């Protein structure tokens with residue numbers, strides 16, 4: 001038994017002593033050695049994945065691209081970002097109105113529907129970008145300007161301004177598409193976006209007018225009744 005232990009100990013010690021010489025002779029593959037000059041140790045999985053991703057040629061030409069100007073492609077990416085920002089703002093509003101100290105749950109449901117709708121708008125533009133042979137470049141989404149939306153009237157006024165800004169951006173994109181001779185993009189915007197934006201602006205304008213007429217925000221009961229009867233009836237349809 002002791003002789004077996006002595007035999008294995010001797011060979012293990014010999015292997016450990018020779019390990020530095022083995023590592024010294026190891027040469028990393030050229031693709032790694034040039035990227036990671038810290039020695040023969042292999043790169044971490046995260047760094048290796050990043051290097052592989054960065055080495056991919058994301059600018060290779062599309063086989064389906066036709067009559068799609070680079071300016072239109074860039075403008076669509078900006079519009080995607082704006083639609084996601086609008087969704088982010090509406091999401092903030094939705095969960096503000098479901099707080100225990102606000103408790104206007106139909107306001108919350110209304111703004112949550114708006115948030116989902118804006119996200120769908122962004123996804124539809126992403127699908128268009130791929131259909132036309134463009135490349136999606138997502139950007140940082142700006143956080144909402146506030147976390148406390150004060151009252152229903154203030155939130156509706158902010159939503160109205162937001163929809164007007166989104167609509168103006170869509171109109172600018174439509175003008176650009178027309179200037180670049182892109183009837184498909186013009187038709188896409190007219191069919192899926194511009195008419196819907198006009199309806200949303202009118203709806204929000206009506207809500208703001210009715211809240212003001214009812215005495216909001218000074219009359220606290222006004223927003224409660226608006227939440228219960230106006231927005232409550234809308235959520236049932």
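Cβ atoms are placed via backbone N, Cα and C, with glycine included.
According to Swiss-Prot:
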type	residues	note
TRANSIT	1-49	transit peptide
DOMAIN	66-215	domain 'Ferritin-like diiron'
BINDING	83, 118, 121	Fe cation 1 binding site
BINDING	118, 163, 197	Fe cation 2 binding site
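Where Swiss-Prot records a feature, it is marked here on the structure.
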| residue | record | Cβ within 10 Å |
| --- | --- | --- |
| 83 | Fe cation 1 binding site | 24 |
| 118 | Fe cation 1 binding site | 24 |
| 121 | Fe cation 1 binding site | 23 |
| 163 | Fe cation 2 binding site | 22 |
| 197 | Fe cation 2 binding site | 19 |
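Model confidence over the domain 'Ferritin-like diiron' (66-215) is summarised by a mean pLDDT of 98.
Here the C-alpha separation of residue 197 (Fe cation 2 binding site) and residue 83 (Fe cation 1 binding site) works out to 12 Å. Cα of residue 121 (Fe cation 1 binding site) to Cα of residue 163 (Fe cation 2 binding site): a span of 13 Å. Excluding 83, 118, 121 themselves, the residues of that chain whose CB lies within 8 A of the CB mean position for the Fe cation 1 site are, in sequence, 82, 84, 86, 87, 117, 119, 120, 122, 125, 166. Apart from 118, 163, 197, the Fe cation 2 site neighbourhood in this chain, defined by C-beta within 8 angstroms of the site C-beta centre, holds 86, 114, 117, 121, 162, 166, 167, 196, 200, 201. Secondary structure from DSSP puts residue 163 (Fe cation 2 binding site) in a helix.
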